[in-house]
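Annotated features, as they stand in Swiss-Prot:
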type: BINDING; residues: Asp29, Ser30, Glu31, Tyr32, Asp33, Ser78, Leu79, Glu107, Arg130, Glu164, Lys278, Lys302; note: NAD(+) binding site
type: ACT_SITE; residues: Lys109; note: active site, N6-AMP-lysine intermediate
type: BINDING; residues: Cys395, Cys398, Cys413, Cys418; note: Zn(2+) binding site
type: DOMAIN; residues: 577-652; note: domain 'BRCT'
Amino acid sequence: MNKRMNELVALLNRYATEYYTSDNPSVSDSEYDRLYRELVELETAYPEQVLADSPTHRVGGKVLDGFEKYSHQYPLYSLQDAFSREELDAFDARVRKEVAHPTYICELKIDGLSISLTYEKGILVAGVTRGDGSIGENITENLKRVKDIPLTLPEELDITVRGECYMPRASFDQVNQVRQENGEPEFANPRNAAAGTLRQLDTAVVAKRNLATFLYQEASPSTRDSQEKGLKYLEQLGFVVNPKRILAENIDEIWNFIQEVGQERENLPYDIDGVVIKVNDLASQEELGFTVKAPKWAVAYKFPAEEKEAQLLSVDWTVGRTGVVTPTANLTPVQLAGTTVSRATLHNVDYIAEKDIRKDDTVIVYKAGDIIPAVLRVVESKRVSEEKLDIPTNCPSCNSDLLHFEDEVALRCINPRCPAQIMEGLIHFASRDAMNITGLGPSIVEKLFAANLVKDVADIYRLQEEDFLLLEGVKEKSAAKLYQAIQASKENSAEKLLFGLGIRHVGSKVSQLLLQYFHSIENLSQADSEEVASIESLGGVIAKSLQTYFATEGSEILLRELKETGVNLDYKGQTVVADAALSGLTVVLTGKLERLKRSEAKSKLESLGAKVTGSISKKTDLVVVGADAGSKLQKAQELGIQVRDEAWLESL
């Protein structure tokens, strides 16, 4: 029976690849169904012989308890956005300062959810959401129900790949029809539907909704020397890669492609929101490197956002965690990019003056970055009142005088005891990119603050399970989960805490970079400004902000209290050791290693202070080679780069 089951699995997986990946099926649907039913019968009779790559894994229902957090071995960066031809020209100019004759590759920007797939010895072991780029959620069981994701690869590879999971428009229409018939609210757009589906705890629901994927990158160090070759390699492994792409030598060719895609956009079977432009050569990518937040070798051109007219009804003014007072417009409801919009940001007081926005104006509304509703401009021909908007002079939260500094565009409350600032700081501290305390969202924080149970972030760690039961709507099970989530967050690596403190100019990526160098928040608090400013990608503004923060008595007390409650202040990731053997060197691994796994070799190099990259460039300092090193060894020799073997690495 085992032989027949092997034959059926191999056949069915081949036919599935032909159907979903190649769009060239060699058998009829009825023949596929017949073979599938035969396999199901055999697996029912011999459950102990079910194979790991059996296609039946995709349809079985399983109710999950939840999604565990998963640390990405290779971080997922955001891309810099571009909204005009001029911004693309500026990107090209920056690239050409480092790379003389770049070739670009242009790919469609799929409007879906970023995913990371990890295979060990060719078997899918982890499917993870993007999350904050460093930590995502393990949704492996759900992604196994996406029919075009291979459960096994044709080679026994250890590899991590990146892509987008999306809902095709046809599937979206079918899902919404079913929801309508069942009296359920319809999804606003395919992206929301895909997101909601991947968050399902019942995997059978995922299997029914016909999600799909496009893969676009090998995240683990690539064995190919260009993005285009990497995409072709992904296709060879059985992944679906979007065929709509071009290689371009200049911005004129890129702009023509963007215009062509823009005209075809509405006729595609899936949603896109732009075009991603990357430097094709991976060695050139290594030369260009990264900013703190994004690669310097790529940009995402976003199509112009949909615009609608709405009438301004009133303006609300709210205080953020840094004291900035932000105006929000209340509008007559309009449908915009698949959702109903009745509120939109007015950015700041200077923006209101610049756009001359007045009471009862008709305004143009759009979604900035296809996400945040914003007022773009006034329709002056429809103006009905000359009366200017009322600009507040006192903080809407604490009634302190508001200040408008000469070098700032916004009004600001500088009262350190302002309730709104404290509460927003607590919300930020618990948020996903900071301490990531599951369940401790704005509504719970507001209730805790109103009940005087928390006044600063250290108070969060003094809460007991019974404290949550004092809050309206919180039951015993929820209270237990909240308490457990708070306790679990104590073990976070310290960059999460540093970002959570809300220090001005210190975002999540900067926090990680700082802790890689200083290893703990206590060390960082003692560092001088010159030492901080000398770190690559940082500078004087960040250094001064840190110095100002840590110089206050309040910060010293807060860190002491956090430590006393058991919150970790140390960095748990790979640190940069200033005096390590390979400190500051850029190293490439190539060829087949005999004794070390590639991941082990990479970890060892990084522990010795090296930066491990996938491509050889003029910035490469050292190449560690195994058997069958091939073209990378040849290129290293041509460039005069130092070459070492596995035995040398083991001896360090």
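Glycine residues also receive a Cβ, built from the backbone N, Cα and C atoms like all the rest.
The structure, with features from Swiss-Prot marked on it.
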residue	record	CB count, 10 Å
Glu31	NAD(+) binding site	13
Leu79	NAD(+) binding site	18
Lys109	active site, N6-AMP-lysine intermediate	22
Arg130	NAD(+) binding site	19
Lys278	NAD(+) binding site	24
Cys395	Zn(2+) binding site	23
Cys398	Zn(2+) binding site	15
Cys413	Zn(2+) binding site	25
Cys418	Zn(2+) binding site	21
Open item on the list: In whole Å, how far does the CA atom of Cys413 (Zn(2+) binding site) lie from that of the residue listed as 'active site, N6-AMP-lysine intermediate'?
Closed with: 40
Open item on the list: For the C-alpha pair, I'd like the distance in angstrom between Cys395 (Zn(2+) binding site) and Glu31 (NAD(+) binding site), rounded off.
Closed with: 71
- [ ] Please report the DSSP secondary structure of Lys109 (active site, N6-AMP-lysine intermediate), reduced to three states.
- [x] strand
Task: the domain 'BRCT' (577-652) - residue tally per DSSP class, helix then strand then coil - done: 25 helix, 18 strand, 33 coil
- [ ] Please classify the secondary structure at Glu31 (NAD(+) binding site) using three-state DSSP.
- [x] helix
- [ ] Taking the recorded Zn(2+) site as Cys395, Cys398, Cys413, Cys418, identify the other residues of that chain whose CB atom sits within 8 Å of the mean position of the site's CB atoms, giving them in sequence order.
- [x] Val319, Gly323, Pro396, Ser397, Asn399, Ser400, Leu402, Asn415, Pro419, Ala420, Gln421
Open item on the list: Using the alpha carbons only, what distance in Å do you get between Cys418 (Zn(2+) binding site) and Arg130 (NAD(+) binding site) once rounded?
Closed with: 35
Task: Between the residue listed as 'active site, N6-AMP-lysine intermediate' and Arg130 (NAD(+) binding site): CA-CA distance (Å) - done: 16
Task: Spatial neighbour of Cys398 (Zn(2+) binding site) that is closest, considering only the recorded positions Glu31, Leu79, Lys109, Lys278 and their CA atoms - done: Leu79
- [ ] Looking only at C-alpha atoms, tell me how far Leu79 (NAD(+) binding site) is from the residue listed as 'active site, N6-AMP-lysine intermediate', rounded to the nearest Å.
- [x] 11
Task: Whole-number Å value for how far Lys278 (NAD(+) binding site) lies from Lys109 (active site, N6-AMP-lysine intermediate) (Cα to Cα) - done: 12
- [ ] Please give the average pLDDT for the domain 'BRCT' (577-652) in this predicted model.
- [x] 78
